[in-house]
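Here's the structure, in structure tokens; my notes come after.
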């Protein structure tokens, strides 16, 4: 009970009483001096003083930090009494206002004045230099107190009572707790109360039995959070608490940073670290329930692993259960990373970027990689690598097993092709591979235009045996079921079980990894296992993808200006993904290639306009990503409106061609088109059967209770619906009972602020006097009051329990429906794949319809014969017309071109144009040319550009030669090789020697089709060593005008025969706006060097002519050819 002053002197002013504790609370406790210790009363026990000081300290902290903003006058009065000035407290001798009568009488009978005190008990503990009380009694000796032992004992007892009452409900701490809000005791408010009691930012020492000074007792929610967090320390946890999702500790800091939300300060760690002992709660941040997936997507896109912890109980069912007084049960129900986020049909991609030339669309692959050191070391090092890549959004699985050299070009090629958003590394990687992975997944944006998330998994010495056992057990049940009636599935499963060792290790790790996210079912789709290195496709290595700008341009790494951007005219997301695969994996099978290009030709044919427009209209009506929708149904993560949309879309597709019974009935001559169209109506029967179970309007509005048609509802759903109807009927009958009690026949139920079945009674009517005391007043106004009767409260509780059970039954039935649809996943997926094929073919047909595109002619002979060919991307980006050029390469005739010409003359664009036309042709597309005859190339290799590899400690020239060495090892007579200015990274003599040796090896030994760009005019003499013209000199044509200072160069961008003997680098320097004086000096130096070289050549020519004149026997045919060549150079 609060202390009251019993003195006769006038009380201190209200302002003084309030300022005193506030000022002193800002200063730490000052230890008493020896003089002060001597002045302390000897008759008061030291334990009592310490308890009194601790109690005052707690009260002061509560007033500073924990007192609510709004307090009534009584609360303020009580707190003011607690912290009243000490001199006035001394005169009361520490006696409560409501003391026993004897004590009060004893105090009142004491007529002598209290002796003056140098410092009271409070000012002795909290000194403030400017306090008038401190100086009032300074230097005054306190006389001995003549109190009796009985009075001392009574005083001690009263101090103990005060300390005990400080933590009671009616003290300042209790007032702060009640104002802050305690947990509601009603069952209906359990969810809200759990949040208020456990999570609200409580000040120190707030709450009964939960003194958290120095990290004391934890609330039940905090215990739950710590228990879950310790099992998932690498995960950002989003925890459902009442009607919000909350972050705690370090997770709250991350959420505040990434989501731009408020973080309430507190503990960041979960290990009770001493550095946070002064904090009494965890840092926290919160988001609304309906915005969960919006914020989860942002965290996942930022590279975090996010876990969602949900409440497994509802308020109504918890109130009716046996654990109504325990906290809500919570469990980690969902885990998400960039590669495993499938809970939103759009995933992390957002709108289609390719159409606007934005960033390259993410493939969404998770790639698992492991390696062992095969043999060798240094530059001869060979490693054995296994990979498994999974795309959870579509169900595709890619695997490969290969050896790689010290440059790791094979690993880089696969990483660039697959473009994973997440890597799982099994075991330790070699330094070279580790550096490559770091380069592609570093903190900065990588070549994919995104950050790659990396997880590492340990690898035991017995990993191979354990992995094989794990994979075998995973597929055991499926293999047993398939062996009876499905030979194809059995063969596919046997193929999976006989994968190479490194692939099996990766597959086992990926199964375990995906199980953590509940997506392990994807590996049961064995039909979609694909080998990366299938020889049915052209090989485009990492350098080729970058140099030829297959997926991204080299300027800003967006899709605009890439080959994929040029060919992409698709209308659907799944069609766009398939086209991306086509672009990166051109065909090698001539028959398949001819089928595809014939299909494009038929779609381009004006006679097929009706059929083509019908297909375009059908694709235009597909607004959802069916491939992702189907895999979400397979995972059981599809929503009700989404399921309705998918089934209705599939029904539209099937009904459009319901009249097609066979591939010959669809109006297309091409077998590719015929089979694709004929597969569309095969799903109609199943789709209609599923749609007949669904209430369309309820599904569209996401009404789980009416989702199924009445005839399709389960017994459990019907039972709870009848229970709800019964309760509502009883509520209606009870209205008449309430009317009889009030003797007012017009009683009706009303709903106010979401609270149903309220009985309104006017405050001025006679009925208000007849309201029983058992009725609960819920709300009211000046004119009326609203009540719940005890019967209504009980019936509403029963109805809520039925509603909760009904919701669970509806979710269970919906999950069963999704599982039933998932049985037909492969049938539906094949239909969507057929539609994607049609979309890609229509896209290629749109390209073929552009002016200047021609259908290529394919031959088994290795050659590239193009007349008036053009660069496909530059042509679309340029406003002016592109200058076409001819190309004639044949493995039996001229198989190499030595390309020279001035800087900026178009050499690199020309060789890229040749490579891109060859790739487009093997994709099955028309090519930008007047005519084209193409052989089946097995690979395109490029060595272009100049850059170093600082991570690997390799110089520009080292990188250049290492890439060249890889090309020489991999190239075949059916490959196209492009080498751009090889040897420029070293001295002229060494560069010429290396370039000449490599070119000779390519032409004579490997016999690949080769385009070799150089500024070394000396290499042009190599053509003389190839009498059958296997190597030819060509140059980029230009015209010169003016002389000296006024010399100008005009680039014609045409390929001509012969050699360009000058590079005209000074022209580029002038275009780059180098200072004029610098250009003048450069021109003089260039002229001097050219004159020196010309004089040397002339001197050698004159010497040779003199020798011939003196000895005619030396003038053989070879000598005369060299003589003529020297004269031409002059």
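Quick reminder: no glycine exception, Cβ is built from N, Cα and C everywhere.
What Swiss-Prot says about this one:
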type	residues	note
COMPBIAS	1-15	compositional bias 'Low complexity'
REGION	1-153	region 'Disordered'
COMPBIAS	21-36	compositional bias 'Polar residues'
COMPBIAS	58-70	compositional bias 'Basic and acidic residues'
COMPBIAS	71-82	compositional bias 'Acidic residues'
COMPBIAS	108-120	compositional bias 'Low complexity'
COMPBIAS	141-153	compositional bias 'Basic and acidic residues'
REGION	177-217	region 'Disordered'
COMPBIAS	189-199	compositional bias 'Acidic residues'
REGION	212-339	region 'Mispair-binding domain'
BINDING	901, 902, 903, 904, 905, 906, 907, 908	ATP binding site
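Annotated features taken from Swiss-Prot, shown on the structure.
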residue: 905; record: ATP binding site; Cβ contacts under 8 Å, 6 or more apart: 1036, 1038, 1051, 1053, 1060
residue: 906; record: ATP binding site; Cβ contacts under 8 Å, 6 or more apart: 883, 1036, 1051, 1053
residue: 907; record: ATP binding site; Cβ contacts under 8 Å, 6 or more apart: 899, 900, 901, 980, 1013, 1036
residue: 908; record: ATP binding site; Cβ contacts under 8 Å, 6 or more apart: 944, 980, 1013
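Residue environment of residue 902 (ATP binding site) contains 22 other Cβ atoms, counted within 10 Å of its Cβ in all protein chains. Residue density at residue 904 (ATP binding site): 19 other Cβ atoms are found within 10 A of its Cβ, drawing on all protein chains shown. Fewest other C-beta atoms within 10 Å: among the binding-site residues 901, 903, that description fits 903. Taking H, G and I as helix, E and B as strand and the rest as coil, DSSP gives the region 'Mispair-binding domain' (212-339) the counts 44 helix, 32 strand, 52 coil. Shown in sequence order, 1036, 1051 are the same-chain residues outside 901, 902, 903, 904, 905, 906, 907, 908 whose Cβ sits within 8 Å of the Cβ centre of the ATP site. When secondary structure is read from DSSP and collapsed to three states, residue 908 (ATP binding site) falls in the helix class.
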